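Asker: Have a look at the structure that comes next, please.
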Amino acid sequence: MDPEFGRGMAPRKREPWRTTLLLAYQSLGVVYGDLSISPLYVYKSTFAEDITHSESNEEIFGVLSFVFWTLTLIPLIKYVSIVLRADDNGEGGTFALYSLICRHANVSLLPNRQVADEELSTYKLEYPPEVANRSRIKEWLEKHKTLQTALLIMVMIGTCMVIGDGVLTPAISVFSAVSGLELSLSRDQHEYAVIPITCVILVFLFALQHYGTHRVGFLFAPIVLAWLICMSMLGLYNIIHWNPQVYRALNPYYMLKFLRKTKKSGWMSLGGILLCMTGSEAMFADLGHFSYSAIQLAFTTLVYPALILGYMGQAAYLSKHHTLNSTYQIGYYISVPESVRWPVLVLAILASVVGSQAIISGTFSIINQSQSLSCFPRVKVVHTSENIHGQIYIPEINWLLMVLCIAVTVGFRDTKHMGNASGLAVITVMLVTTCLTSLVIMLCWHRSPALALVFFLFFGSIEVLYFSASLIKFREGAWLPIMLALILMAVMFIWHHTTIKKYEFDLHNKVTLEWLLALGDKLGMVRVPGIGLVYTDLTSGVPANFSRFVTNLPAFHRVLVFVCVKSVPVPHVLPAERYLVGRVGPAGHRSYRCIVRYGYRDVHQDVDSFEAELVESLATFIKLDALYHRCSDAGSGSEQLDDGRYERENALTVIGTNPLRRCLSYEASHDGVSSVDAARSPNGIVEVPAAAAAAPVTKKVRFVVEAASPEVEKGVVEELQELCEAREAGTAFILGHSHVQTKPGSSLLKKLAVGVGYNFLRRNCRGPDVVLRVPPASLLEVGMVYVL
C-alpha cells in the first residue's frame with residue numbers, strides 16, 4: 001500500500017519500538033476487550049435461526065468461512081489498513097472524520113466560524129500544491145445546504161448507534177459470559193440464576209464509573225491478554241483433538257455452499273455472523289489514546305490470530321458433535337473441556353466486564369463530543385483522573401445506560417434477541433464510517449473519485465448485505481436500536497436546530513458598538529468596581545442580553561469582557577492558541593472581547609484556572625497592543641491618531657496561557673518585533689507567576705506595575721492598574737437565561753419541536769452555568785426571550 005495513503009499526505013512519525021510495544025500491550029485492555037469476547041456469542045446467535053447442524057458440516061464450515069473472511073476484510077483490511085489512516089491529528093472516530101471533511105470543505109454548520117480558526121496548528125491543511133483545490137464533490141457540498149444537513153444527519157445516526165451499542169454491548173457481553181453456568185446447573189437453576197447474576201454485575205459495573213477506572217485500569221490489559229491466550233490454547237486443543245482438517249473451511253467456496261443449502265435462513269443468519277466484528281470500530285475511536293502502529297501491531301500479531309484460532313477451535317469441536325441438546329444450543333462453553341470450564345468462565349466474565357467498560361467510556365466520550373458541537377443537550381461532565389486526559393464520567397448518562405442495560409437483559413433474556421439488536425447498531429456505525437471515509441479519500445487525501453467509489457462499493461456492499469440481514473429481524477430484537485436511534489436523533493436534531501436558530505436571533509438583534517460607547521454618566525450609567533464577564537455566542541458586536549441587562553440595571557463593571565466560548569472542528573486546541581483577545585471600543589472604555597476556543601475532545605477548565613488565565617491574557621494583550629501602536633506610530637512618522645486603538649477594535653490577537661509561548665496577531669506583522677520578545681519585554685509592566693511553565697496553577701494572578709519605567713506609557717500603566725484593582729474587587733459572570741417560543745402562525749411540527757421539545761430539554765438538562773463551571777455566588781442571569 002502507498003505509504004502516503006492518508007494522513008493528509010504527511011509522513012508518519014516513527015515511534016521507538018519499545019514505546020510501540022508498550023502502547024500495543026495497553027491497547028488490549030481499552031481497544032480490544034469488546035472484540036475479543038465476541039466468540040462467546042457468535043455461533044450461538046448464528047444458529048439461533050432455522051439452521052440445522054447437519055453431519056455434512058456444510059453449515060458450521062460455511063459459518064466459519066464467513067467469520068474468517070469477515071474478520072479479514074473488515075477489521076484487518078478496512079480498519080487497520082485504511083480507516084486508521086484517516087485520523088484527525090491522531091484522533092479517530094465518527095467526529096474525527098466529520099471534522100476532517102468540515103475543514104477541507106466549507107460544510108460545517110457551526111454558526112460562529114472565524115478565519116482566525118484556520119490558523120490553528122491543528123487546523124492547518126497539508127496537501128501537495130499541485131493538487132487542485134476544487135473538486136465537483138466539494139463544490140456540491142459547499143453549494144447545497146441540504147447536502148450539508150444530510151451529512152450532519154448521517155453523523156448523528158452513527159453517534160446514536162454508538163450510544164445504542166453502549167446499551168446493548170454490556171448486556172450481551174456479560175449475559176453471554178454468565179450463561180456458561182447453564183452447563184453446570186439444572187434448567188430451573190439456570191433460569192433463576194443467570195439473569196440475576198448478570199444484573200448484579202451490570203449494577204456493579206456502572207456504580208464504579210463514578211470513581212473512574214484509573215485505579216484498576218492497569219488490570220485491563222492483563223485480563224484481555226490472558227483471555228486471548230486462553231482462547232488460542234483452547235482453539236488449538238480443539239483443532240488438534242477433534243478435527244485438524246477444519247482449516248479447509250477457510251476456502252470461500254464454503255460460503256457459497258452454505259448459502260445454497262440454507263437459502264433465506266442462511267441469509268438471515270448473517271445477522272449473527274456480523275457480531276464477530278463487534279468492537280472493530282473501537283480501534284478507530286480510541287486511536288487518540290494510542291497510536292496507529294500500536295493498534296496495528298496488537299491486532300495483526302495477537303488479536304486477529306487468537307480470534308481465528310478461537311473460532312476454528314469451536315468449529316472443529318462442533319464438526320464432531322451433531323446431536324447437542326437444544327437446551328445447551330451451540331455456545332462457546334460447550335467446546336471448553338469440563339476440567340477447565342470454571343476458570344474459563346471466571347476469566348470470560350472478567351473479560352466481558354473489561355469490554356463493557358471500554359464501550360461505556362466510549363459512549364461518554366462521544367456524547368461529550370456531540371455536546372461540544374451543539375448536537376446534544378448540556379450534561380455534566382466529570383473528569384475522573386487528573387493525569388489521564390479524556391477519562392470522563394457523565395452521571396445522568398451513566399445511570400440511564402444502567403437502567404436500559406438491565407431492561408434489555410431482563411426483557412430479552414436470550415442471546416438471540418440481544419445479538420439481533422447489537423448487530424444492527426454495529427453494522428450501522430460501520431456503514432456511516434464507510435461513507436465518511438469515502439469522502440475523506442476524495443476531499444482530504446485528494447485521491448481519485450474512482451478510488452473512493454471502489455472503496456465505497458467494495459466495503460459498502462459487504463456491510464449492506466449484513467445490514468439487510470439484521471434489519472429483517474426487526475421484530476426479533478432489531479427494533480430496539482432503531483427506537484433508541486429515533487429518540488436520540490429527535491433530541492439531537494431539535495437541540496442543534498434550535499441552537500442555530502437562537503444564534504441567528506442573537507446575530508440579528510445584537511446592538512451596535514456606538515450604542516455601547518454612548519453609555520455614560522450623562523445617561524445615569526454607573527461603572528462599578530470589578531470585572532464583568534458577559535457570555536455570548538457572538539464573536540462580534542454587543543449581545544442583546546447585555547443591552548437588556550443595562551436597561552434593567554443601569555450599571556456595569558469597570559472592566560467589561562465579552563466572552564465567547566466556542567468549539568472549533570479540531571480535536572484539540574493548544575493552550576498557547578486558546579485565547580483570542582481584542583478591544584471593544586477605545587482603550588479608555590476598558591471593554592474587551594475574549595474568544596475561548598476548544599476542540600471537540602478538549603476538557604473545559606475549572607473556573608479558578610479559567611479566570612486566572614483570562615485576566616492574564618488581558619494583561620498580555622494590553623502590553624502587545626501598546627507595543628503594536630508604538631511601532632506603528634514610529635513607522636508612520638510623527639503623525640499619530642487619537643482613535644488608533646479604536647480602529648483596531650476588530651483585530652484579535654492570540655494570547656497563550658503562558659506568555660513565554662508563541663503569540664500571533666491576525667493582522668499583518670509589519671512592526672518587525674517578535675511577539676515572543678514583546679511578551680517578555682524588560683519594561684516590567686506585568687509579572688504573571690501563575691503562568692510559569694513548570695509552576696502549578698494558582699487561583700490568583702498578581703500584577704506588578706512599575707510606573708517609574710521610562711518605556712511604559714502612562715495610559716498602559718493606568719489600564720493595567722485598573723485591571724489589577726478590578727481583579728481584586730471580584731468577578732461577575734453574566735449569562736443569558738433563555739425562554740424560547742415560536743412565532744405566531746408557526747406550523748404544528750415547529751411548535752412541538754421548539755416550543756415543547758426544546759423547552760423540555762432545556763428545563764430538564766444542565767444549564768450553561770454548570771457546563772461553564774460558573775460559581776453560583778458570582779452568577780448573574782439575564783432573561784432573554786427568543787421568538788423563533
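Backbone N, Cα and C define each Cβ position, glycine as well.
Since this is a predicted model, take the numbers as computed values, not measurements.
Okay, these came from Swiss-Prot:
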CARBOHYD  Asn325  N-linked glycosylation site
CARBOHYD  Asn420  N-linked glycosylation site
TOPO_DOM  1-21  topological domain 'Cytoplasmic'
TOPO_DOM  43-59  topological domain 'Extracellular'
TOPO_DOM  81-151  topological domain 'Cytoplasmic'
TOPO_DOM  173-191  topological domain 'Extracellular'
TOPO_DOM  237-264  topological domain 'Extracellular'
TOPO_DOM  286-292  topological domain 'Cytoplasmic'
TOPO_DOM  314-343  topological domain 'Extracellular'
TOPO_DOM  365-391  topological domain 'Cytoplasmic'
TOPO_DOM  413-422  topological domain 'Extracellular'
TOPO_DOM  444-451  topological domain 'Cytoplasmic'
TOPO_DOM  473-476  topological domain 'Extracellular'
TOPO_DOM  498-788  topological domain 'Cytoplasmic'
TRANSMEM  22-42  transmembrane segment
TRANSMEM  60-80  transmembrane segment
TRANSMEM  152-172  transmembrane segment
TRANSMEM  192-212  transmembrane segment
TRANSMEM  216-236  transmembrane segment
TRANSMEM  265-285  transmembrane segment
TRANSMEM  293-313  transmembrane segment
TRANSMEM  344-364  transmembrane segment
TRANSMEM  392-412  transmembrane segment
TRANSMEM  423-443  transmembrane segment
TRANSMEM  452-472  transmembrane segment
TRANSMEM  477-497  transmembrane segment
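Please go over these features one by one and say how buried each is and what sits next to it.
Answerer: The DSSP secondary structure for Asn420 (N-linked glycosylation site) is helix. Other Cβ atoms within 10 Å of the Cβ of Asn420 (N-linked glycosylation site) number 30 in total over all chains.
Among residues of the same chain six or more beyond the topological domain 'Extracellular' (43-59), those with a C-beta under 8 A of the stretch's C-beta atoms are 176, 254, 257-258, 261-262, 265-266, 268-269, 271-273, 275, 311, 314-315, 318-319, 322, 324, 329-332, 414-416, 419-420, 423.
In terms of DSSP helix, strand and coil, the topological domain 'Cytoplasmic' (81-151) has 36 helix, 2 strand, 33 coil.
If one looks beyond the topological domain 'Extracellular' (237-264) by at least 6 residues along the same chain, the residues whose Cβ comes under 8 Å of a Cβ in the stretch are 51, 58-66, 68-69, 309, 312-317, 319-320, 335, 337.
Counting same-chain residues at least six beyond the ends of the topological domain 'Cytoplasmic' (286-292), those with a Cβ under 8 angstroms from any Cβ of the stretch are 12, 15, 20, 23-24, 26-27, 30-31, 84-85, 87, 90-93, 96, 358, 362, 390, 571, 601.
Tertiary proximity for the topological domain 'Extracellular' (314-343) is limited to same-chain residues at least six positions away from its ends with a CB under 8 Å from its CB atoms, namely 39-41, 43-44, 47-48, 53-55, 57, 60-61, 63-64, 176, 179-180, 182-184, 187, 234-235, 237-239, 241-244, 246, 249, 415.
Residues 41, 44-45, 48, 165, 168-169, 171-172, 175-176, 179, 195, 271-272, 275, 278, 331, 470, 473, 476-481 of the same chain lie 6 or more positions beyond the ends of the topological domain 'Extracellular' (413-422) yet place their CB under 8 Å from a CB of it.
Confidence over the topological domain 'Cytoplasmic' (444-451), given as mean pLDDT on the 0 to 100 scale, stands at 89.
Within the chain carrying the topological domain 'Extracellular' (473-476), a Cβ under 8 angstroms from the stretch's Cβ atoms is held by residues 268, 271, 416-417, 420, 424, 482, all 6 or more beyond its ends.
Tertiary proximity for the transmembrane segment (22-42) is limited to same-chain residues at least six positions away from its ends with a CB under 8 Å from its CB atoms, namely 15, 67, 75, 169, 172-173, 176-177, 217, 219-225, 227-228, 231, 272-273, 275-280, 282-283, 286, 289-291, 294-295, 297-299, 302-303, 306-307, 310-311, 314, 331-332, 348, 351-352, 354-359, 415, 418-419.
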Asker: Under 8 Å for C-beta pairs, could you tell me which stretch among 60-80, 152-172, 192-212, 392-412, 477-497 has the largest tally with the transmembrane segment (344-364)?
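Answerer: Out of the listed stretches, 152-172 contacts the transmembrane segment (344-364) most.
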Asker: When you look at the transmembrane segment (152-172) alongside the transmembrane segment (423-443), do they share 3+ Cβ pairs under 8 Å, ignoring any pair fewer than 6 residues apart in sequence?
Answerer: yes
Asker: Between the stretches 60-80, 152-172, 192-212, 392-412, 452-472, which one has more Cβ pairs under 8 Å with the transmembrane segment (293-313) than any other?
Answerer: 60-80
Asker: How do the residues of the topological domain 'Extracellular' (473-476) split into helix, strand and coil according to DSSP?
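Answerer: Across the topological domain 'Extracellular' (473-476), the residues distribute as 3 helix, 0 strand, 1 coil.
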Asker: Count the residues of the topological domain 'Extracellular' (237-264) that DSSP assigns to helix (H, G, I), to strand (E, B) and to coil, and report the three numbers in that order.
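Answerer: Going through the topological domain 'Extracellular' (237-264) residue by residue, I get 24 helix, 0 strand, 4 coil.
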Asker: Based on DSSP, tally up the residues of the topological domain 'Extracellular' (314-343) by helix, strand and coil.
Answerer: 14 helix, 0 strand, 16 coil
